[in-house]
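Here the structure comes first, spelled out in structure tokens, and everything after it is commentary.
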Amino acid sequence: LRVVKFRRTGESSRSDEDVISGEHEIQIEGVRTELEPIELEDGAAVPKEFANPTDDTFLVEDAVEAIGFGKFQWKLSVITGLAWASHAMEMMILSILAPQLHCEWRLPSWQVALLTSVVFVGMMSSSTLWGNISDQYGRKTGLKISVLWTLYYGILSGFAPVYSWILVLRGLVGFGIGGVPQSVTLYAEFLPMKARAKCILLIEVFWAIGTVFEVLLAVVVMPTLGWRWLLVLSALPLLLFAVLCFWLPESARYDVLSGNQEKAIATLKRIATENGAPMPLGKLIISRQEDRGKMRDLFTPHFRWTTVLLWFIWFSNAFSYYGLVLLTTEFFQAGDVCSISSKRKEVEAKCSLTCEYLTEEDYTDLLWTTLSEFPGVLVTLWIIDRIGRKKTMALSFVVFSLCSLLLFLCVGRNVLTVLLFIARAFISGGFQAAYVYTPEVYPTATRALGLGTCSGMARVGALITPFIAQVMLESSVYLTLVVYSGCCLLAAVASCFLPIETKGRGLQESSQREWGQEMVGRGSQSPGVTRSDSGSQE
């Protein structure tokens, strides 16, 4: 291995900003700028002798890639998964709490529906706010506040004396849940490129585990202690996560963007120590301190089209996912699609206060429905790094639309079950693909806000879908299926028209930089290229 020694001499034409940042351009004659690529195994650390062999500066992206996937990321995966499981439990409890209160408090149907809708209203109204807080004050700060908020009001809702109180308290729980997806932002910013898609997709496993655990908890608690204890016990995983939050470091990408270089270096050294991997050689580049969490940044010429398309994709995901959950119950009760309309006509008018408690068979059906999401995760995990993020989302929407159209046929109960489970598997997998793509496509300055606004649009879809899956279904089954199928076909087209494919790319650090320049390789720069203190190339 040939070692090149050098020193800086002569006059410098550097700007004041370059002097302050301490970053210099170095020209070494006789040294090749094109380096032969070296293939590494997934999660493997860059060997010390190859970690930035010729650069005297490095980006956070370089450090994350050099350190690789190790013990630190495994711990972070478990903690992030715990947050996701807690989120799933708070959502799953809606399907268990509604029929119980319908019977116990003799609530009319519209009040039962409002109890579910108010949670989505809270989530929709807060998603952008939590994203803004995470971009302005840090990912860890926003996540801790949202978790403690959800924990506090989740426990309080178990002591609600009357309907109006539980309505307000569950709405406040929804307001806090709107910030839980920011755990994905923090998680993604610590993952090396090759492991990012797989790890974020595996978070969906924790979602399924959370829903299964909630159903099992309800089977044990509801017959003996009642729904109040179920609400309190369902909030306890959030308490565990809140305690573990103090172990979480702040995102090094956020620290660099906000000008806190020393804290970012300390975080990276901590990760390198836990993983037993070397830090890159040289000095960490200080990114220009940009305005963070500004809505206008989502609509710059470079991101305007991406933002609009992603909003529609997230809307369609939630609209179709929660719609399918509601349709599944309706179809199973009717036996097949063709008998729903005739059954509606034969049903006599009944009092809206008529109620039925959930039975053991109902809980079994909930479990089977939840377990159908595991195949979707596995399929998405297998194809997302092979065909790319955009095509994965498009394929998920197309398969869902195809299954919806096949429901036009008068199929039996078994075929109906297969079609519904395939549809749910792919729409849940597509949802996770969107969770992979969205943090990858936005720069650090607006990453949390971008994810927050997309999550907010998803809640709009969740709010609208009951009017299609329940109200419109009474008028026309086929029109309902056409709406869902058509929406997903449009979402598939929108996925294909996304201008940026993030497969094989790292996370963008600065909005001042052309997309993807951090990721294509440090050794591919031309000799005439200078890196400024913002990390942009001129």
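Including glycine, each Cβ sits where the backbone N, Cα and C put it.
The compositional bias 'Basic and acidic residues' feature in TrEMBL is assigned to 507-516.
Residues annotated as compositional bias 'Polar residues' in TrEMBL: 523-538.
The annotation domain 'Major facilitator superfamily (MFS) profile' is assigned in TrEMBL to 76-503.
Residues annotated as region 'Disordered' in TrEMBL: 507-538.
Beyond the transmembrane segment (76-98), the same-chain residues lying 6 or more positions past its ends with a Cβ under 8 Å from any Cβ of the stretch are 112, 115-116, 119, 143, 147, 150, 154, 173, 177, 180-181, 183-184, 186-187, 190, 199, 202-211, 213-215, 217-218, 222, 227, 230-231, 234-235, 237-238, 240-241, 244-245, 247-248, 358, 366, 370. Among the features that TrEMBL reports, transmembrane segment is placed at 76-98 (among others).
Among the features that TrEMBL reports, transmembrane segment is placed at 110-133 (among others).
The list of residues near the transmembrane segment (145-166) in space but at least 6 beyond its ends in sequence, with Cβ under 8 angstroms from a Cβ of it, reads 83, 86, 90, 101, 105, 107, 111, 115, 126, 130, 133, 172-173, 175-180, 182, 228-232, 234-235, 238-239, 241-242, 245. Residues or ranges marked as transmembrane segment in TrEMBL: 145-166 (among others).
Feature annotation from TrEMBL assigns transmembrane segment to 172-188 (among others).
What TrEMBL records for 200-221 (among others) is transmembrane segment.
Annotation source TrEMBL lists transmembrane segment at 227-248 (among others). Outside the transmembrane segment (227-248) by six or more residues, the chain places 75-76, 79, 82-83, 85-86, 89-90, 93, 96-97, 100-101, 104, 140, 143-144, 147-148, 150-151, 154-155, 157-159, 186, 210, 214, 217-218, 221 with a CB less than 8 A from a CB of the stretch.
Among the features that TrEMBL reports, transmembrane segment is placed at 302-322 (among others).
Annotation source TrEMBL lists transmembrane segment at 366-385 (among others).
Within its own chain, the transmembrane segment (392-409) is flanked in space by residues 313, 316, 320, 324, 331, 337, 380, 383-384, 416, 419-420, 422-423, 426-427, 429-430, 433-434, 437, 478, 481, 484-486, 488-489, 491-493, 495-496, which lie at least six positions past its ends and keep a Cβ under 8 Å from the stretch. Summarising the annotation, TrEMBL assigns transmembrane segment to 392-409 (among others).
If you look up TrEMBL, you'll see 415-437 (among others) marked as transmembrane segment. With a threshold of 8 Å between CB atoms, the same-chain residues lying at least 6 positions outside the transmembrane segment (415-437) that come near it are 181, 184, 196-197, 200-201, 203-204, 310, 313-314, 317-318, 320-321, 324-325, 327-328, 331-332, 336-337, 369, 372-377, 379-380, 384, 389-390, 392-393, 395-397, 399-400, 403-404, 406-407, 454, 488, 498, 502.
Annotation source TrEMBL lists transmembrane segment at 449-469 (among others). Packing against the transmembrane segment (449-469) from elsewhere in the chain are residues 113, 116-117, 120-121, 123-125, 127-132, 134-135, 178, 181-182, 184-185, 293-295, 297-298, 307, 310-312, 314-320, 322-323, 326-327, 330, 434, 438-439, 441-442, 480, 483-484: each is 6 or more residues past its ends and has a CB under 8 Å from a CB in it.
Counting same-chain residues at least six beyond the ends of the transmembrane segment (481-500), those with a Cβ under 8 angstroms from any Cβ of the stretch are 305-306, 309-310, 312-313, 316-317, 319-320, 323-324, 337, 390-391, 393-395, 397-398, 400-401, 404-405, 407-408, 427, 437, 441, 468, 472, 515-516. As annotated by TrEMBL, transmembrane segment applies to 481-500 (among others).
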Beyond the flanks of the transmembrane segment (366-385) by at least 6 residues, Cβ under 8 Å:
92, 95, 197-198, 201-202, 204-205, 207-208, 211-212, 215, 325, 328, 392, 395-396, 420-421, 424-430, 432-433, 436, 503
State the non-local partners of the transmembrane segment (172-188) in its own chain: residues 6+ outside its ends, Cβ under 8 Å from one of its Cβ atoms.
76-77, 80, 83-84, 86-87, 90-91, 118-127, 129-131, 133-134, 139-140, 142-143, 145-147, 149-151, 153-154, 157, 196, 199-200, 203, 248, 251, 435, 439-440, 447-448, 451-452, 455-456, 459, 507
